[in-house]
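J.: Take this structure first; my questions come after.
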Amino acid sequence: MRVAVIGAGVIGLSTALCIHEQYHRLVPSLDVEVYADRYTPRTTSDGAAGLWQPYLSDQGNLQETLWNRETFEYLLGHLGSPAAKEMGLFLISGYNLFTQPVPDPPWKNIVLGFRNLTPKELELFPGYSYGWFNTALMLECRRYLPWLSTRLTQRGVKFFQQKVESFQEMFARGVDVVINCTGVRAGELQPDPELQPGRGQVIKVLAPWVKHFIITHDMASGTYNSPYIIPGSEFTVLGGINQHGNWSEENSAQDHKTIWENCCRLLPALQGAKIVEEWSGLRPARPRVRLERETLHHGHSQAEVIHNYGHGGFGITAHWGCARAAARLLGGILQGKPPQPRL
Amino acid sequence: MTAPKVAVVGAGVIGLSTALCITETSPSCSVTVLSDQFSPNTTSDAAAGMLIPHTYPGTPIHVQKQWFKETFRYLFAISNSAEASEAGIHLVSGWQIFKSTPKEELPFWSDVVLGFRPMSKAELQKFPQHQFGQAFTTLKCDCPPYLLWLEKRLKANGIQMYTRKVTDLWELHSEYNIVVNCAGIGAHQLVEDKKLFPIRGQVLKVLAPWVKNFIRDGDGLTYIYPGMHQVTLGGTREKDSWSLSPDPGTTKDIFDRCCSLEPSLREAQDIKVKVGLRPSRWCVRLQREVLSQGGVKLPIVHNYGHGSGGFSVHRGTAKEAARLVRECIASLQGSSSRAKL
């Protein structure tokens, strides 16, 4: 049974690991391979700060909240393990800021110590009149992806550096199941008008005195289009750009100015920070994550694709729950279950 | 007396902040700092600089609270300004955990720090040996940066600083009009204060930049305080020990205790050891005294004995010391004008 995972970002690698962990003993002939044109540190995941935090609302997609919870609890369980540092995993506390009161998010009981901000705390952030404090997790992909890769290599999973042009190409080689974790470029394998880039730009600075994440929200401009500051283990990430439909991966001087000015206004202490790097990436934005099985016809036979893409700005947040869900779908295929009817 | 000459003895956080307050409130003074040690070799440099007050049994609680509030407000403003990184002041959140629920669940300073509340059950799961905890956000003053920043402010105000070991306050009477004694543990010898005793603290300073939250055991013996560049791991409280030499057995013990609270610290790098002698006293000695010999008087303002709470109350006690210096100046001016009659 040959399973090919296309995509080596956080979704692709974690799905490959989850599948191998679950099935390699049950299916002795299981052969998992990873195909991607970009590997760490050049994936979209590598540019993300790595903060576990879903969007403010799951828009009724309870599935997503469950995937997020599953991911958080999985990571929390690894915090005390010797692998945590190598994984790039650690606890972090911080602030979400608003200009008006908002309902509590669906993830308030997933994170630790969720509470409203006190008036004294809000004094730190002029212009914001409401907010939350909580402790969450950081999972830095510049460490997590290499860690996943090492685990996969230890398990005998093979990696191929190449751009896959079609699902058919995989089936022609004898792959039985393709796991499609191609993120923002999934449309190149199968058109998907619902998938759009959510272009982001970030500035990485040296600001080791910053110990909290600070995420501002502007209900008018939309998620991640308002300044945010996220301290990592080496750098602090400044961001606040989310341009729907913009495919450019080039850094924009205008966006740089927006990010820098807004973040320095939010945290005056940043003015002393040294800029180390600037990066642009494309969030694979979709109204909901595409996580489903599809049967394709290949000549006279059928072949299976499991789609796992469209995680927008919360890929890290949802990754493990989604990997497990993808693994369950593979389980269905292995058991010879017919695909679920499309609703 | 046009420009009273004030000597501040001691260049730790107390000496430097007191000198700064004096120039702020009495700009006509000429202030000089004298110390045998400057940063990075003061007791303050070994401290983590966390704003979590120590309770002095001999000082009224409302006074301690006022000192803490004053200090917190002052540092809060700096942490929120462009100078924050140079001054080494930053906010940090975390947990104080207890193996058994303490008698006093709400310390006197709970409404001065930010967001103080009991820990949730989910948060306590991270600490299986502990039954109760408090979560809050407070400030940290990293040293040497904070002391160097104070020194810079002092120099900008025209203050001179000299390395000099003062063995007796009286030796300063011919050069200075007022002496402010911020000698910390040095006061044991300098003014022969037998009520002052060291509580030795050994700490580790390590590289573990992924540690973003503080963890403190309510017994005060084990703590993890993340600073700008290093995390301070502590510690010990050895009463009456005068040894400034690091003890390797203690190093291992501190490391093990901290790793049991935060296992990821096993991966910490570049472990350095520091020792400081907390200048401990029943109460902070913050009072005037007049030394006199052969008709010559030397007004003294004492500001020492802050024990483990130096950083937490430094600005508050510095302001009070500066006020006492003003009183001394007024007395001197009163007596000099009387002398003229």
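Cβ coordinates are placed from backbone N, Cα and C, and glycine is handled just like the others.
The annotation FAD binding site is assigned in TrEMBL to B:Thr43, B:Ser44, B:Val166. Marked as D-dopa binding site by TrEMBL: B:Tyr223, B:Arg278. The domain 'FAD dependent oxidoreductase' annotation in TrEMBL covers B:5-324. The signal peptide annotation in TrEMBL covers B:1-19.
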J.: Give the residue from the binding-site residues B:Ser44, B:Val166 that has the most other Cβ atoms within 10 Å of its Cβ, counting over every protein chain displayed.
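T.: That would be B:Ser44, with the highest Cβ count within 10 Å.
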J.: By the DSSP assignment reduced to helix, strand and coil, which category contains B:Val166 (FAD binding site)?
T.: coil
J.: How many Å lie between the Cα of B:Arg278 (D-dopa binding site) and the Cα of B:Thr43 (FAD binding site)?
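T.: Rounded to the nearest whole number, the Cα-Cα distance is 7 Å.
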J.: For the C-alpha pair, I'd like the distance in angstrom between B:Thr43 (FAD binding site) and B:Tyr223 (D-dopa binding site), rounded off.
T.: 18
J.: How far is it from B:Ser44 (FAD binding site) to B:Tyr223 (D-dopa binding site), counting Cα to Cα, in Å?
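T.: Rounded to a whole number, the Cα-Cα distance is 17 Å.
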J.: Identify, in sequence order, the residues in the chain of B:Tyr223 (D-dopa binding site) that are 6 or more apart from it along the sequence and have a CB within less than 8 Å of its CB; answer 'none' if there are none.
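T.: Spatial neighbours, sequence-distant, of B:Tyr223 (D-dopa binding site): B:Ala48, B:Met50, B:Phe214, B:Ile215, B:Arg216, B:Asp217, B:Thr232, B:Leu233, B:Gly234, B:Gly235, B:Cys258.
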J.: For B:Arg278 (D-dopa binding site), which of the three DSSP-derived states applies: helix, strand, or coil?
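T.: In three-state terms, B:Arg278 (D-dopa binding site) counts as strand.
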J.: Relative to the Cβ position of B:Thr43 (FAD binding site), how many further Cβ atoms are located within 10 Å?
T.: 26
J.: Let's check the environment of B:Arg278 (D-dopa binding site): how many other CB atoms sit within 10 Å of its CB?
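T.: I get 25 for this one.
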J.: I'm checking region-level scores; what's the whole-number mean pLDDT for the domain 'FAD dependent oxidoreductase' (B:5-324)?
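T.: Per the prediction, mean pLDDT sits at 97 for the domain 'FAD dependent oxidoreductase' (B:5-324).
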